Structure formats: structure tokens, C-alpha cells
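A.B. asks: Take a look at what TrEMBL says about it:
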- B:Arg48, B:Arg54: NADP(+) binding site (BINDING)
- B:Arg125, B:Ser126, B:Ser127, B:Asn238, B:Ala239, B:Gly283, B:Lys298, B:Pro299, B:Thr300, B:Ser301, B:Ser302, B:Arg324: FMN binding site (BINDING)
4 protein chains.
Amino acid sequence: MAGNSFGTAFRFTTWGESHGPAIGAVVDGVPPRLPLTEADIQHFLDKRKPGQSRFTTQRREPDIVKIQSGVFEGLTTGTPISLVIENQDQRSKDYGDIAAKFRPGHADFTYQAKYGIRDYRGGGRSSARETASRVAAGAVARKVLGSGVTIRGALVQIGPHRIDRSRWDWDQIDANPFFCPDAGTASQWESYLDEVRKSGSSIGAVIEVVASGVPAGWGDPLYDKLDSDLARAMMTINAVKGVEIGDGFAAAELSGEDNADEMRADPAGGVRFLSNHAGGILGGISTGQDIVVRFAVKPTSSILSTRQTVDMNGNETEIVTKGRHDPCVGIRAVPVGEAMIACVLADHLMRHRAQCGG
Amino acid sequence: MAGNSFGTAFRFTTWGESHGPAIGAVVDGVPPRLPLTEADIQHFLDKRKPGQSRFTTQRREPDIVKIQSGVFEGLTTGTPISLVIENQDQRSKDYGDIAAKFRPGHADFTYQAKYGIRDYRGGGRSSARETASRVAAGAVARKVLGSGVTIRGALVQIGPHRIDRSRWDWDQIDANPFFCPDAGTASQWESYLDEVRKSGSSIGAVIEVVASGVPAGWGDPLYDKLDSDLARAMMTINAVKGVEIGDGFAAAELSGEDNADEMRADPAGGVRFLSNHAGGILGGISTGQDIVVRFAVKPTSSILSTRQTVDMNGNETEIVTKGRHDPCVGIRAVPVGEAMIACVLADHLMRHRAQCGG
Amino acid sequence: MAGNSFGTAFRFTTWGESHGPAIGAVVDGVPPRLPLTEADIQHFLDKRKPGQSRFTTQRREPDIVKIQSGVFEGLTTGTPISLVIENQDQRSKDYGDIAAKFRPGHADFTYQAKYGIRDYRGGGRSSARETASRVAAGAVARKVLGSGVTIRGALVQIGPHRIDRSRWDWDQIDANPFFCPDAGTASQWESYLDEVRKSGSSIGAVIEVVASGVPAGWGDPLYDKLDSDLARAMMTINAVKGVEIGDGFAAAELSGEDNADEMRADPAGGVRFLSNHAGGILGGISTGQDIVVRFAVKPTSSILSTRQTVDMNGNETEIVTKGRHDPCVGIRAVPVGEAMIACVLADHLMRHRAQCGG
Amino acid sequence: MAGNSFGTAFRFTTWGESHGPAIGAVVDGVPPRLPLTEADIQHFLDKRKPGQSRFTTQRREPDIVKIQSGVFEGLTTGTPISLVIENQDQRSKDYGDIAAKFRPGHADFTYQAKYGIRDYRGGGRSSARETASRVAAGAVARKVLGSGVTIRGALVQIGPHRIDRSRWDWDQIDANPFFCPDAGTASQWESYLDEVRKSGSSIGAVIEVVASGVPAGWGDPLYDKLDSDLARAMMTINAVKGVEIGDGFAAAELSGEDNADEMRADPAGGVRFLSNHAGGILGGISTGQDIVVRFAVKPTSSILSTRQTVDMNGNETEIVTKGRHDPCVGIRAVPVGEAMIACVLADHLMRHRAQCGG
């Protein structure tokens, strides 16, 4: 059933396959009179763009976005914004192997099981290429949120190697090819990932995204809670297997005393919390603190080792996935996670305004 | 904005506050001619019912469900099924303290921030009492799924204490007050939780739910993926802070070789997987393997220790949350998690049928 | 598929059958802090209540509404408002004839064809009894709209007899049993309908509802236009077969010159239209003028004459529908039409606020 | 709020302005493995294409559709189908007058009132040019419906001139420039419309669409009734002011005896109705008879006469709408109405399958 849209008040719909002529998104419900240019969107696409270091896929895609509607004389008009990105590097090649066999860990088998057909070229619709459309939609969402809300993501773990949180420095994010906030860890990752890459293997990762400046009051309990929408959003991203808000799974080991974020009066008015175990959300509604979301990305299954599988006829066989792939898809998931969180927040800003004004 | 409904093809809407006259759910989209009685639903409500052991709240609620519509002569008619559960033990008492002060870790502050008003009695709408409505809806969802799909949940961690997975035995689930599948761990939990309870504290937990018998092909990529809907569903449950599918966060540490679930031909026809790191879902679509979902529940913030907070006027103060509460709310979250997963699956069964027939 | 909800930002879901224990509505998304009492709702239910004159069904239903949630100390809290109305006059009788045979012009045949089962008692879910739930939801919607928006309906045609529009007087609406704005026509209808009633027949009608005070700017083109939502809303009411906005079908005979509502500057600021052929909506968005909606109601098929039909086994037979029925169901459709229009407007007030603020 | 999507199980989203680079639709939820080519869609676009006779706008648009996704090797894959149509004849001209003044009867004023901005070039988003996207989506819907369902529209009234229903001949539809099923009336319309056209005026029309072959059982009461979705669908079409199902407003004048469609056993099995006052829908569910929908289209307000209006600064002024316009926009509304009805039916086919199987 129709499932390629995300959001209610701020809603986007994506389309497109990895090796089709183009991919794109239609963003609907955007408030009018927001300044929006292709350059605003391109800025974020460039962060996600493949081929920027040896640690991401070598597919060459300029990922140039075009606005086809919904903007007039540099301002949004309130009508749908159609964004399109042409596919350019659909390297012509023989797809025979992946056409005939299911790659373990990929969606090949399930798409075939569901639809009885699949566009196997480059993974078709299930390719992470689609996430460029999300990043484009996320750039529009940031315009809706305005400059008061800051959304920043970081890679906090690759394989077994975690950052040292005491060295967290947002300024480091753009200083290494990993969106890593800890310079020391970044250089360790570099040699570690080189090893992974050279061996033709791949590895998982954990991303953390922080949204600052979200006022208290966003989120629609009980089934459109801010955190449930965030969890859903993260889990729609390719290869994501886990999501945490605030302390996440570590909260299971906390006592009620330790977990309760105590409150004090803020001299500047309002409330000040003494801690943020909740990750900025209580009862599905934002508290006004930083919103903290973490998600785990599995290693891509496109590796150079031979794996056992079956073919379209149900016969047992083996497969090696050659081609241009990310040794750690988690890296490029950082701007995608940011974009999805921006979309959830823009949606809830507008949903909140619908019911509660302001 | 309206946010109290869950699901698309199979959809339920809940209503009701902790200390209002009743709570309930309207379940819409139910296929016709399914046998359904109040006893079918009561069976699951009884599993969630408070006051069944000293480890859950001592509030006394018989939680008797009544079917008000949508069933005729013992069969569903395809029209909305209204389920209502009267509240009985709204102990008359002075709510002064929680009316005037925000309990840290509770939704008091955020409901007030969002709506400018809140029904503070027993937590109002944000109380876990609402989850009885979900369990009732889940019982209907199980009817939709039929006997081929089995959904079973277990408590796998309380505080720092995890079960020994090598001793997993589903038959133990109903033999202890924790839904614990490992008899040895259950008895350790008993003494541990007694301690927590007597000290007036509380502790978090992790629940795992397994759905067996789901055929390959359910789920609607890219934004209504089976796993994204499951993650959303878990995160709507009170106090949940993290969700994992399959290996979850542990997948971040896996190599592509280890993570790939290899496939062999099943002598009985179809495909047999050699492992299930994916938790039964690839590309947002079920693989036919067991679907494995885990979620973390934070400790309740209703504890006997004094915590710092502010009152409705913004003045600093302290609060102790007296009353009848669960030392480990994770226990009663087990049947709730099962119910939500049943609802997601029923929805996707029907969604799949809409697009792909069969 | 789930289809018993209406609206997006302001949404209600109804449940219940004609001869079940109760009917009701859950109203979700209601802005917080609106004063709301059962008496506010009862006022409108009393207008729709059966048995108030000899021209409506003699079924005796007090239609007492109870608020079960979402209101605290007289104010809405922003959480779902559950409204329930008990059925009382489900006269115990032998349903044999309508259980076994399909009444021509009723939904008996189509419910059976769709669901393979039906609650035949009093028409089950397809009975106009359900419209009481709509009227209750509409009363809540009026609170959302506030006193600036006035929604008033009138019966403008019964069978071939139309009112004289030059004598339109809103004050007459409550002075006759027909919601007729023209006293002269009302007395003619009285004798005409007496004849219809005594002969055991029935007759159709046309209702007109006018909403005043709606500001310019509500409505979400292109597929959630204000007029398309109004048309949908009217067509969900039992027995409605046609809907018009403004000039409606008469617009087909107009020239472009006659149809264009010219504009002048309003001395009080803003724009003044010289006519209202458009019925207050252009391009799916309100103009600020009166919104004018008309809808046609067919005669009830519950009549004392014998009609040819088939039974559940497909055998040809005849049927006479005895019992308590409305000679002109159009009369009681007036408050129902008003209620649905109130719900559409409340939804669009909130939708507009989401995207455009203010 | 986001409002540019239509349908639930079969859903399309449109984007694009009259004088932007392109317009398009994303069609989501399409069942897999349906044969679909650009030619299949082009066939219907060509019926709507402007400039085919002197009675429609002289704008020259080839309206060539391109499929950008969702089709692989000639078959639908179950993923979103992106359809795009480039705008070619955006005649470069001075838009000064319509940029500064509101055209009476157009959406200029309401878009400005709602959004505070509008793309005035050719009517922007409110232009009937968008209906090409609907026709493209409708072509996909017909594939979903299969050959068993036939949807045909006809123009049955232009201004005061109605067809003679006794001469209805579907074969005449393509034999005149009006989609008129009555050859005699078509030739009268020709001279009448020539007059209208030469005088720079315009006139309204009524369209009737008949869907044959729809089985009994489609439609989701009470708020997603088949007829309420059809009414909504028709009312989303530019310039539509009224909708009727079956007898429509004429039903108001019928007695219950006359209105009841009596039933007989069909020798071929099932039920045979002796009449079709209901237009193929009872209780919101299809009866298996022809579904009959009529809708009224107002005259376009783009006329050569001078009309009074105001400008963007609120000053009184006058306007004449020059340019290439349809003397009777109702003509080209015929394929649009067909397309929208196809989309509603495809949606309900799939919705019915979700809940009831088959």
C-alpha cells in the first residue's frame, strides 16, 4: 500500500530508483514566503554526496538538485515543492549476477517475495541512493524550523571503536571524513577503516543527532509522540537496526532516582533541568532541552567475500558483491539522520501550531 | 493535532484518562466474520492487570472489557469495534501536591507546557493505565492475524541483570511474575526487585518480543517499513527509550561477513536462512523468519526519595511521589509490547493484501 | 478498510449500531482550554432528537450525551474527547423479515455483499441513528470555531415544494417543525407531509446550510479544498445524493460575465464582493463571504407499500417495511448537515493555522 | 497543510504550476506486475490536450508524459511511479495586469489571502493545467482496475442546452469536439459555442461519468463511502460547483415508492435491479450496477468583458482577462472526471481487498 510519504502537516513523498533516470521528492505543506534556493538545498546534498573520501562509495554523482515547483521569485508559495536529482553514474554493466541471485543481507529477496518483481539494477528502490531525496527534503524542513533550531549529527562509533565523549567538539565534525566530533578517535578510525576497506569487508556504526532550540510543547501523544515519530524516522533509513532517545538502553540500568531529570527555576525565566536522561522528550512532548537521538547502522552486505545464497529458481549458489560500495555506510547516514529529524520537527512545529496556536 | 490513532488499514483510536470514568479503544477496519468475544480480549487484559504480584502497582482494577459495537452474534461485522473498560479504583485523595508541582521524569511539565492545562489526577492521559486499551486492541489484532502467527514477549533484563539466553524457555514465561523465560534469573530478580521495592526506588528493564509465522512480504517501503512501524509502535509505549530490531545496536560492531544472513534452499520449499541478525526484516519487508523486537523501559520516576522540582508558579520546591506504583514498569510492558506488535502486523497483513493480493 | 474517521487536524471517529447498547464518537485534536459541558452538546442533540413532531420517527430516544474523557474542570485538555449516547428504545421485536430479505433502497444488500454479514437490527451501522454522534462532534467543532463563525441550516425544499427565497427569515427556523425559513411555505408543507405520512409514503428534500464569519484563506488546494471536503462531508450523511456549493448546478447555465463575483474595496478595509455565485469559495479557499452549501436527501425507502425484492437465499419475494420511520428524513438532516460543516471548518481552521500561522 | 495527495491505498500526489518548467504526479501503492507504458498514459492525455478544436484553449502543449520510476521492463514494480509533463507553451508576456489585480471568479484573491504570495503566471497552481497530472494518474488507475471496469464520460449540458437522453449513443463521444453522446445536440452546441466564443464570453456545463463493471461491495462506510469519495474527487476539479450520484437533486422530488430500486433474482445468478435511482451506490457501498456521477462546471471567468475588481493595494480598478482560454472549460473536464473516478475506484478496489480479501 502507498508508503512512500512521510509526515502529516509537513509531508514529503519520494520516488526513484538507483539506476533510473532520476530520483526526487515532492515536499507538501511548506509554509509560504520562506526564502528557498537550490543552493540552500545543495549545501546539504554535498555533505551526503558519494565519493568525497576513500571511505565512501566511489560512485560519482554530482547530485545537483533542481526545484521544479512551489517557489516563486525566491520564496515558497505554499504549494508543493518538487525536487529532482538526475542520476548520472549508472555505470552500464552486466547485472546478471544480482539479477539472478539474492544478495544476503540485502532487500533483494524481500522485494522479490513481496512484489514478485524487482528492479535489481543497483538495488533499485532499496538503494541508499534514495536518501539524497531525504536530504533535499530535510533542507526545506530546516527553513521551516528557522534559525532558532540547530540540528547536528555526529558519528560516535565505528565497529567496536567509540569516541571519547569528554573530547566532543562540534567544530571537528567537518574536519575529518567521518563527521567525528573527536579528533583523536577520527585518526584511529582512519587506519581502522582503511583495513576494513582493503579487505573488502564492511562495518557498522552508531550516529548521534542533537537538535537544540526546540521549545517545550512539540509532540502529539499518544500515537504521534515526538519520540515515536523520531524512532520511526530513523528506522526508515537504510540499514538502521536500533534507535535510542536520551539514555536509551542504558536507562534500563538506571534507578528512578538517577533517571529523574530534576528541575530548577531558570533565572532567565522558565525551567532549567539538572540533567537530560530523557533526551529532551517526556510523555512524547519536547521539554525544551536538547533532543538527543542515536541510531545504529549495520554494515553493508556488499562485500568481497563469497556468501552462500539461492537464486531466483530456488537453487543453492554463491555470490560475491562487486562494485562501488561504502565500507561504512554509517558515515553518509549522518546527514540523512539530520534531515529526517529536521522533517519530524518541522512536522511537529506545524502540528503543534494547528492545535495550540503560537 | 489529532494523534490518538494508530495504524492505517487496521486502525485503533484510544481515549481516556487514568482517573476519569473509563478508558477505551475504537478498533476500525477489522475484517468481517471473525469470531470475537469479550473473553477473548479479557484473557490478554488479565496478563497486564495491576496488582497480580507485589512487583506491580497495588492499584486494584478488575479491567473488565465490554464490547459496545461491531460484533453481531459472536462475529465481527466489519464496522468499528468499541471497547470500554471502566475505571474503578480512582482512590479519592488529595491531589494537591502533584496538582501544584511537576514530578521530575514525568510528563507533568510537558503536558502543561503544551496544553496550558492538564488532568493531573493519576497522570491523566499520560498514565500507563491507557495501555489497557492497547492490550484490548491487540487482542482483536491477533484475531486478524489468525493462529498462524504467534507473538510472545519476555522480560530479558531488569536493571543490570540479564537473562541467560542459553536457558531460554518460553514455558517459563507464565511460571514467574516477570514474564521471564529463564527460571534461574527469575528467582534472582525476585530478591533484587524486593530490595528495590522496599527502598521505594524503581528500576528499568528490557523486553523482547518475537513474532513467529509472519510470511515473507509484509511491510511497505520506504516510509511505512515494517521495522519503522514497529519502532514507532514501541516508542509510543510509556517510558520506552530505545528499540532494536534483530541485532540492533550490536550490529554496529559486526562485519559485513558476520551480519549477512546466508540463505539455503529449504527442502520443504522456499528459502532457509542460516542466521537471523536482521530480526526477520530486510529493506523494511518481512523475510519469513522470526521477527525480533527489543525495547528498553526506563524506571518510573514515581519514587519515595525527595527530588528537586518547580511548581506551577515557577518557584523551586521538592516533591516525593507517594502512591501505588510499579517498582519495575517494564514487567507490565510485556503484554503491551506484544499487543502493539500484533496491531502493526495486522495492519501490514491488510496493507499487503491491498496492494499485492493474497 | 478503516473508514469511520473524519478530518485530519480536528478528527472524529464514530462507532455504534442502531440497536446496540450505545453509539458514540471520539473527537481528537481539540484545542485545549475551551469551555465544554454536556449541556453545550445536548443543545444540538435535542434539535436532531426523534419524536419531536409527527413528521419524524416516533422512536423515543432521549439522546443524553456523556463526556467520558478529554475535559477537566469544565475545560478541554487537548486529549481525545469520548462522547457516548446510550440507545434506549431498541423496541424488542421480531426482525425476521428484514433479517431474511433485502429492503430496496436500503444498505441491507450492499452491507451483505461487502461483509458477508450484517447487523440487521434497525439497519445496524447504516441507520441514521449514527448521525447523533456527528451532531455531538459538531457541537465540539463549534467551540473550536468560536462565536465568530455562525452555522445555520434550513430546509428549502420538500418534494416539489420549494420555499420562497424572498421571504427567507432565519427567525422562522425554530418556529416550525421543518427548520423552514419561510413561514408561508412551512404551513403548506405541514398539510403536504401529513398526506405523505398518512399514505405510508415518504418524500425527499433539499437542505441549505450557510456558514457566516469564515475568514478568507481556509482550505488546502488541490485535494483538500474547502469545497471538496464539504462535498465529501455532506455525501457521508445518510440518503444524500447531491451537493452544491454556491450556485451549484445552476452555474452551468451562467455566462462568465454573470458568474464572476466582482469586487470592490470595502470602506471598512479589505474587499467587498458584489455577488456570491461562488458560495464563498474560490480555488478551494474561502473568500470571506458566506459559505453556502446545499444537499439533496432522497426519500427513505421504509414505506408501507409492498416492494419486490430477493431474500438472503436469492429467491424472489416481497417486503413491506413497517415500523417507526421518518416520512421526510430530510428534516432531521438539517442539524446533521450543520454539524458536519462545523467539523470541516474546525479542521480547516486548524490546518490553515498549521501552515500559515495566525 | 499538506493537501496535494489523493487516495489512501492507491494514492497520487501532484505538483507544478501552469508556467513553471513542468508538472507531474507521483502515483504510490500501485500493484506490481501490471503492464504500463508511456503510450498507455499518453492515450488519455491526448483526449484532454488543449488546442484540439476551436472550442478549447489555443495554448499549444504536446503534453508528452515521461515515466521516471516505478516501472521496470514494462511492468510496474510496486514502487512509486513518477510521471512528468514538461510545460512548453509558457508564452513569454507581460503579466503586469494579473500580477497586480485580482480576476473576479478566479482564485487570485484567495491564494493571496491564504498564502500572502502567489505565482500569478497563468494562474500558477490554481490553473486547470494541473489536471493533466490527474489524467496521467487516472491512466494508471485504469490499469489497476483492469478491463472489467469501463469508465466513460460525456458532456450532457452546455449552458441551457441539454442532450436528449433518448438519443444517447456512446459511439458519438469521439465523433464531435464535445464528448457529446447525442449527435443532434452536438451540432446545436457547435453554433451556440461559436457565438459564445466570438463574443469573448464563456459558459458552464454538466458532465456525466458512468462506471460499469464495478462489483458490489466497494466503499468504506461511514466516512470513506464510495459516493463521498466520488463527491470529494469531483469537487477537487477546477470550477466544479455541484455533484450528483444517481438521481441526485431530482431524488428530492421522488416518493419512497418511486425511489426504491426493486430487486429480482438474476437468472445468471445474483441480483438484478429494476431501476438505478441510486446510481449504483447504497449506504456508501457499490451495488454492482452502473455507477453514475454528474458534476456541474461553472463558466471560466476569463472573459473579454471588463469586470470591476480591486488591486493588490486594495484600490478599486477594472480588469479584462485577455489570453488563450476555453469558452467552455466543461469540455476538457470530461477526461478529468473520468480520471478522478478511476482513481477513486482503484483506491476502493484495494481498500476492499485489504479488509475483505478477494
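Any Cβ shown, glycine's included, is placed from N, Cα and C.
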A.B. asks: Could you tell me which of the binding-site residues B:Arg48, B:Arg54, B:Ser127, B:Lys298 sit with their CB under 8 A from some CB of chain A, listed in sequence order (or 'none')?
C.D. replies: B:Lys298
A.B. asks: Near chain D: which of the binding-site residues B:Arg54, B:Arg125, B:Lys298, B:Ser302 have their Cβ closer than 8 Å to one of its Cβ atoms?
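C.D. replies: The answer is none, since no candidate qualifies.
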A.B. asks: Just to confirm: which same-chain residues, 6+ apart in sequence, have a Cβ under 8 Å from the Cβ of B:Arg48 (NADP(+) binding site)?
C.D. replies: B:Asp63, B:Thr131, B:Ala132, B:Val135, B:Arg332, B:Pro335, B:Val336
A.B. asks: Could you state the whole-number distance in Å separating the C-alpha atoms of B:Lys298 (FMN binding site) and B:Arg54 (NADP(+) binding site)?
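C.D. replies: Cα-Cα distance, B:Lys298 (FMN binding site) to B:Arg54 (NADP(+) binding site): 19 Å.
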A.B. asks: Could you tell me which of the binding-site residues B:Arg125, B:Ser127, B:Ala239 sit with their CB under 8 A from some CB of chain C, listed in sequence order (or 'none')?
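C.D. replies: From B:Arg125, B:Ser127, B:Ala239, flagged as close to C: B:Arg125.
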A.B. asks: On the three-state reduction of DSSP, what should I expect for B:Arg48 (NADP(+) binding site)?
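C.D. replies: Looking at the DSSP assignment, B:Arg48 (NADP(+) binding site) belongs to a helix.
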A.B. asks: Please identify, from the binding-site residues B:Arg54, B:Arg125, B:Lys298, the residue with the sparsest Cβ neighbourhood, meaning fewest other Cβ atoms within 10 angstroms.
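C.D. replies: Selected from the binding-site residues B:Arg54, B:Arg125, B:Lys298 on minimum Cβ neighbours within 10 Å: B:Arg54.
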A.B. asks: Which binding-site residues from the set B:Arg125, B:Ser127, B:Ala239, B:Thr300, B:Ser302 come within 10 angstroms of B:Arg54 (NADP(+) binding site), judged by C-alpha positions?
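C.D. replies: Of everything listed, nothing lies within 10 Å of B:Arg54 (NADP(+) binding site) (Cα to Cα).
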A.B. asks: At 10 angstroms around each C-beta, which of the binding-site residues B:Ser127, B:Thr300, B:Ser302 has the fewest other C-beta atoms nearby?
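C.D. replies: Among the binding-site residues B:Ser127, B:Thr300, B:Ser302, the sparsest Cβ neighbourhood within 10 Å belongs to B:Ser127.
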A.B. asks: Do any residues at least six apart in sequence from B:Ala239 (FMN binding site), in the same chain, have a Cβ closer than 8 Å to its Cβ, and if so which, in order?
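C.D. replies: Result: B:Ala128, B:Val297, B:Lys298, B:Thr300, B:Val329, B:Gly330, B:Ala333.
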A.B. asks: If H, G and I count as helix, E and B as strand, and all else as coil, what does DSSP give for B:Arg125 (FMN binding site)?
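C.D. replies: For B:Arg125 (FMN binding site) - judged by DSSP and reduced to three states - the answer is helix.
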